[in-house]
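See below for the structure under consideration.
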Amino acid sequence: MSDGKKYQLGTIGALSLSVVSSVSIVICNKALISTLGFTFATTLTSWHLLVTFCSLHIALWMKWFEHKPFDPRAVMGFGILNGTSIGLLNLSLGFNSVGFYQMTKLAIIPCTVLLETLFFRKLFSRNVQISLVVLLLGVGIATVTDLQLNVLGSVLSLLAIVTTCVAQIMTNTIQKKFKVSSTQLLYQSCPYQAITLFITGPFVDGLLTKQNVFAFNYTPQVLAFIVLSCLISVSVNFSTFLVIGKTSPVTYQVLGHLKTCLVLGFGYVLLRDPFSWRNILGILIALVGMVLYSYCCSIESQQKASAEAVQISQAKEVESDPLISAENGSGILAEGGGGARAPGWNSNKDLHA
């Protein structure tokens, strides 16, 4: 099997794992929060990360992956930022209406596109931009109902959007810059994320629920669902880093909106949640946007791969034929009249940047 096909299968596997695990943990947490009354989401997330770290430590001990230390300041900053973004998203939900919180999540894609365009010179084609607009429109129709604004909630939402975008962009860039796998990055950043949320979690949850997480009545049923949620979270955290590393932060956000649509559908089928024609219309429009986005990204990836293959083959032809190299070299000298001239590849440096 070629490397390209292996990469495609790996990407499909990562996307599938992310969808299945995320939808599963949402259903589990919904039962835990709505049915059993355990509303301490931030503290629960810190336990998720702690269990994820312990699981990865066991995997490292069993030599399932190799530990690769790199810049400790980058790891610490990334871990704390990730933990902070989770806490801010929970605060945004607590201090805003559900509709405004959904708008906050929708704003993450345009913000990520803007940041990647400004700071990483990444270009998004018109077709990709149109598909993202269709997607966001559909998810907006399906999920956004009331829009109640307040100053504190708006500030928290803005901070949540920025920190989430930066954290997801860093997840992708760190893996590529330091040449570490998603597992290696998750293993090293997990303790900082867990500590950040473990310290701030009880305070954030107390602020939102007016209850003390340590005074809650932990029945066997509650404990069973907490353990199940923590076990599923290992797959969720692993697949999140894997998807962002293999694709991009924008693709991960698109996948997140697919999960939202699936959760709405499962909520109606399994939990008999209220469902309207507006939800159905929004989900259908969102699915059209997702299909368009996937198609556009696939076409652009094929075009990019073809262009790179042509460049590599041309470079090999020039290297294998010394006469061509000699003629090109003498031509440059003749045209320059003996003067200095920048090599030919420098004139195209902007194309390769």
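Each residue, glycine too, has its Cβ placed from N, Cα and C.
Automatic, uncurated: that is what TrEMBL annotation is.
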185-204, 305-324 - the range that TrEMBL marks as transmembrane segment: 185-204
Transmembrane segment range according to TrEMBL, out of 74-93, 94-113: 74-93
Distal contacts, the transmembrane segment (74-93) - CB-CB under 8 A, six or more residues away: 41-42, 45, 49, 101, 104, 153, 156-157, 159-160, 163-164, 166-167, 170-171, 174, 178, 185, 188-197, 200-201, 204, 207-208
The domain 'Sugar phosphate transporter' (21-294) [mean pLDDT, rounded to integer]: 87
